[in-house]
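What Swiss-Prot records for Gly8, Arg11, Arg91, Arg137, Arg140 is CTP binding site, and it gives sequence analysis as the kind of evidence. Sequence annotations record features per position, and here Swiss-Prot assigns ATP binding site to Gly8, Arg11, Arg91, Arg137, Arg140 based on sequence analysis. As annotated by Swiss-Prot, Mg(2+) binding site applies to Asp21, Asp23.
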Amino acid sequence: MQIYKVGGAVRDRLLGRPVSDIDWLVVGASVEEMHAKGFRPVGADFPVFLHPKTGEEYALARTERKSGRGYGGFTFHASPEVTLEEDLIRRDLTINAMAEDDQGNVLDPFHGRADLEQRLLRHVSPAFAEDPLRVLRVARFAARYAPLGFRVADETLELMKQIAASGELQALTAERSWKEIERALMEDEPQVFINVLSDCAALKQLMPELEGDAAALAALTQAAEHHQPLHIRWACLLHNLKPASIKALNQRFKAPRECQELAMLVGECASNGHRALQLEPEDMLALLQKFDVYRRPQRFEDFISVCQMVARGSGQAYPQADYLRAAAAAARAVEAKPLVEAGLTGQALGEALRHQRLEALKAYKANAEN
């Protein structure tokens, strides 16, 4: 039995990046031997075990064969006879197909180290084209390592084009696709993810609504530079679309509720946000009510953040941000307690609250214009 570190842990150590998770590969062992040593099986599709002391995952070396469509269309074979090289050759990129033994020696049968030095994302073998999820994974790696100068190798981009043309991308589940999209959006240069998908003709199949949308990429770039959370980045990416298209993308990838809600609100309300300084008090009140700003003030603040990222993406300042925040504060300063104490309830209470909030917004607008 031989145990190796593999994949990202080896890659990131050689790049001088922090290593968070370690993938362990076991060569020359059977399932029975792993059980005998106290390892606990957890893999549903292929033999993966948890270390009895550390809880880390250890996978038996395996081969794979294409047996159906999509990410899950593979048959796996694990046995003590599977060699290290046979396991590594099934991996996606050469930089992910290196192993490290217990002496710290790097085993590199597919020249991943050279590709690290040349800053290339290159596929290991033609079998790369059998897994459509790899199109998204490579685009995500391109986004992650763009700050280090990495690019997708020309021949790998050609294979990605072949996958896109094959129709296999349609076999990807919403959950698997979103997992890659989510991780890519949280990289330092997420716009590279979209650009690579466009370069290999995958974007027009997965997210055709975004094809050629430079404003979306500019806003997303700003969101990343300002370290915004996922739901703000997603809303920035979709901000230039009509609500129907936003809804379609949300549903296509089953985006989390927070992402869906903010993206839809931006699509429906951004034009009023941009016109904030010209809005009549009645329209401002309607905008604040749309966001339920009295009970969910953070959602309105997130909306303002998206609008700011959009403006910065086009090289503009956004004085509307302070105006919107102050208007919200003026409306929220109106309290229901005095009205309740005066005996108002139900519809009468609601109408009185609305009237006082409207008066507060009128006073704020008049003061801001003087």
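Positions of Cβ are set from backbone N, Cα and C atoms, glycine also.
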ATP site span - longest C-alpha distance across Gly8, Arg11, Arg91, Arg137, Arg140, in Å: 16
Cα-Cα distance linking Asp21 (Mg(2+) binding site) and Arg137 (CTP binding site), given in Å to the nearest integer: 17
DSSP three-state assignment for Asp23 (Mg(2+) binding site): strand
Number of Cβ atoms other than its own within 10 Å, given for Arg140 (CTP binding site): 24
Between Asp21 (Mg(2+) binding site) and Arg140 (CTP binding site), the C-alpha gap once rounded to whole angstrom: 18
Distance [Cα-Cα, Å, rounded] between Arg140 (CTP binding site) and Asp23 (Mg(2+) binding site): 19
Arg11 (CTP binding site) - helix vs strand vs coil (DSSP): helix
Arg91 (CTP binding site) CB neighbourhood, other CB atoms within 10 A: 21
Around the Cβ of Asp21 (Mg(2+) binding site), the count of other Cβ atoms that are within 10 Å: 10
Cβ-Cβ distance under 8 Å to Gly8 (CTP binding site), same chain, at least six residues away: Val19, Asp21, Asp23, Asn96
